[in-house]
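Pulled from Swiss-Prot, these are the features on record:
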- 3-23: transmembrane segment (TRANSMEM)
- 24-61: topological domain 'Cytoplasmic' (TOPO_DOM)
- 62-82: transmembrane segment (TRANSMEM)
- 83-89: topological domain 'Lumenal' (TOPO_DOM)
- 90-110: transmembrane segment (TRANSMEM)
- 111-136: topological domain 'Cytoplasmic' (TOPO_DOM)
- 137-157: transmembrane segment (TRANSMEM)
- 158-178: topological domain 'Lumenal' (TOPO_DOM)
- 179-199: transmembrane segment (TRANSMEM)
- 203-223: transmembrane segment (TRANSMEM)
- 224-227: topological domain 'Lumenal' (TOPO_DOM)
- 228-248: transmembrane segment (TRANSMEM)
- 249-275: topological domain 'Cytoplasmic' (TOPO_DOM)
- 276-296: transmembrane segment (TRANSMEM)
- 297-303: topological domain 'Lumenal' (TOPO_DOM)
- 304-324: transmembrane segment (TRANSMEM)
- 325-331: topological domain 'Cytoplasmic' (TOPO_DOM)
- 332-352: transmembrane segment (TRANSMEM)
- 353-365: topological domain 'Lumenal' (TOPO_DOM)
- 366-386: transmembrane segment (TRANSMEM)
- 387-417: topological domain 'Cytoplasmic' (TOPO_DOM)
- 418-438: transmembrane segment (TRANSMEM)
- 439-551: topological domain 'Lumenal' (TOPO_DOM)
Amino acid sequence: MRWSVLDTVLLTVISFHLIQAPFTKVEESFNIQAIHDILTYSVFDISQYDHLKFPGVVPRTFVGAVIIAMLSRPYLYLSSLIQTSRPTSIDVQLVVRGIVGLTNGLSFIYLKNCLQDMFDEITEKKKEENEDKDIYIYDSAGTWFLLFLIGSFHLMFYSTRTLPNFVMTLPLTNVALGWVLLGRYNAAIFLSALVAIVFRLEVSALSAGIALFSVIFKKISLFDAIKFGIFGLGLGSAISITVDSYFWQEWCLPEVDGFLFNVVAGYASKWGVEPVTAYFTHYLRMMFMPPTVLLLNYFGYKLAPAKLKIVSLASLFHIIVLSFQPHKEWRFIIYAVPSIMLLGATGAAHLWENMKVKKITNVLCLAILPLSIMTSFFISMAFLYISRMNYPGGEALTSFNDMIVEKNITNATVHISIPPCMTGVTLFGELNYGVYGINYDKTENTTLLQEMWPSFDFLITHEPTASQLPFENKTTNHWELVNTTKMFTGFDPTYIKNFVFQERVNVLSLLKQIIFDKTPTVFLKELTANSIVKSDVFFTYKRIKQDEKTD
């Protein structure tokens with residue numbers, strides 16, 4: 001695999017997003033807890049696995065978790081040699097998510113190399129065939145692809161997240177798309193079909209699109225398209241049934257079970273439905289701000305060779321098919337986003353390398369490209385700044401652990417209610433039981449919770465006052481509030497309005513204040529401090545003992 005400085009920048013940006021937002025949310029919980037259990041208990045003793053206590057509505061595949069756990073194992077081995085004492089395993093969580101980010105990042109780089117190899121091969125052939133004629137050059141196509149990626153908040157932020165769409169699914173679909181660009185159509189159909197049945201069934205729409213348009217463009221026969229699709233589905237089914245039936249202790253094929261429950265039975269619609277056009281009118285616009293890449297797609301498609309057209313049409317087919325599912329989420333079509341960027345990169349490379357700079361309009365047109373990337377990057381950083389404040393459960397757990405360590409508290413039980421568990425609490429964040437003896441209870445059943453309530457020494461909950469806690473005599477206070485955790489809840493426009501609409505000021509004087517009087521750094525700090533609203537959402541309580549009450 002060829003490597004460039006920009007490849008390193010891509011991985012660095014992905015890592016930066018990870019460090020800025022180290023916690024996870026409920027959508028990521030299955031994979032992160034499964035990876036924790038595999039690393040902690042091994043695959044041979046599943047009796048203590050979290051999914052047996054909290055199985056969820058339908059089974060989910062363990063295949064991705066097993067792969068990521070295997071790739072993370074060397075870190076555990078090295079850390080055991082160093083023998084450093086760590087209060088929690090949050091560092092392991094960061095490594096695990098870093099491995100997920102690495103698989104996604106390397107797949108983007110591989111796809112970039114496939115794009116560039118395709119254009120380099122085409123250019124060489126044209127040079128041999130037309131020695132005396134000018135030909136279009138696309139030497140920067142791969143570079144533009146990476147630049148568009150780096151400015152994409154959704155791909156950079158979520159590349160390290162243990163959402164099922166990003167744990168092996170997106171990396172392998174990127175490889176499949178790369179194989180199409182290299183002319184390996186049968187292999188691409190085989191791999192994408194395997195990914196669909198093992199990891200995410202919606203990828204079957206992308207796989208079908210690759211097969212359909214490979215046949216339409218006469219790259220393979222219909223027989224081969226069907227044959228390799230069946231081979232992929234067959235091998236993937238065998239892998240999933242073998243692995244997942246073991247972990248779930250019953251025969252299952254999770255992606256089929258999920259399809260029957262969510263799509264056939266219609267339970268996914270309970271999470272909300274949107275119009276057929278929503279992916280095109282809302283989600284794609286949300287993922288491409290400003291919409292330069294989308295605008296370049298029309299131009300890029302006209303210039304694209306057949307291989308790239310197959311990739312782009314297959315991705316469009318994927319989005320269209322998913323549009324008929326009433327419940328929509330941006331991550332369901334994330335596998336099509338790299339293809340959109342491939343076309344955008346093709347259009348950008350053509351303009352950048354082949355447009356003659358003779359008119360002012362041409363200069364302005366070319367200037368839009370780097371300006372657009374800079375704008376996307378700044379928008380992405382703004383989204384990151386806000387998004388990192390949306391994991392208060394993880395912050396609350398960290399503050400609780402710090403208190404336990406600082407005050408040398410041992411052998412206690414803390415109950416964590418559902419909302420904190422959904423916004424950052426994971427098994428990796430728990431203190432080492434052998435050292436501190438802290439039990440982290442997450443019981444959801446009301447009857448069991450009432451029975452266990454007297455045994456809790458601490459609570460991390462969403463209830464703002466002790467009088468609102470369940471199973472308590474409202475006239476007697478048994479709990480002391482020891483900590484609160486804030487979360488981003490909105491914007492206050494007062495500061496920016498007062499700054500912009502000062503008396504007797506114009507644009508130049510405002511810029512002077514920002515650049516010279518305050519400096520941009522100070523202005524941004526003041527802007528964020530005065531405009532971003534954070535409110536208390538989680539509350540940590542300590543049980544008041546009888547002797548403390550008397551005192």
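Including glycine, each Cβ sits where the backbone N, Cα and C put it.
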Tell me if the transmembrane segment (304-324) touches the transmembrane segment (228-248). I count contact as 3 or more CB pairs below 8 A, with pairs 6 or more residues apart.
no
Can you break down the topological domain 'Lumenal' (297-303) into helix, strand and coil residue counts using DSSP?
7 helix, 0 strand, 0 coil
Using a Cβ distance cut-off of under 8 Å, indicate which of 3-23, 137-157, 366-386 has the most pairs with the transmembrane segment (332-352).
137-157
So, do the transmembrane segment (366-386) and the transmembrane segment (62-82) meet, by the test of 3 or more Cβ pairs under 8 Å (sequence gap 6 or more)?
no
Selection from 3-23, 62-82, 276-296, 418-438, the stretch that has most Cβ pairs under 8 A to the transmembrane segment (179-199):
62-82
Restricting to the same chain and to residues at least six past its boundaries, which positions have a Cβ under 8 Å from a Cβ of the topological domain 'Cytoplasmic' (325-331)?
154, 158, 163, 165, 262-263, 268-269, 271-274, 278-279, 283, 286-287
Can you break down the topological domain 'Lumenal' (439-551) into helix, strand and coil residue counts using DSSP?
49 helix, 32 strand, 32 coil
Number of helical, extended and coil residues in the topological domain 'Lumenal' (158-178), per DSSP:
11 helix, 0 strand, 10 coil
Would you mind listing the long-range same-chain contacts of the topological domain 'Cytoplasmic' (111-136), meaning Cβ under 8 Å and 6+ residues beyond its ends?
1-2, 7, 142, 145-146, 174-175, 177-179, 181-182, 303, 305, 307-308, 338, 342, 345-346, 349-350, 353-354
For the topological domain 'Cytoplasmic' (24-61), jot down how many residues DSSP puts in helix, in strand and in coil.
20 helix, 0 strand, 18 coil
Between the transmembrane segment (304-324) and the transmembrane segment (203-223), are there three or more CB pairs that fall under 8 A, provided the residues in each pair are separated by 6 or more in sequence?
yes
Taken over the topological domain 'Lumenal' (224-227), the model's mean pLDDT:
98
Go through the chain and flag residues at least 6 beyond the ends of the topological domain 'Cytoplasmic' (24-61) whose CB is under 8 A from any CB in it; none is fine as an answer.
68-69, 72-73, 76, 89, 92-93, 96-97, 161-164, 167, 198-199, 240, 243-244, 246-249, 252, 254-255, 257-258, 261-262, 267, 390-391, 394, 421-424, 426-428, 442, 444
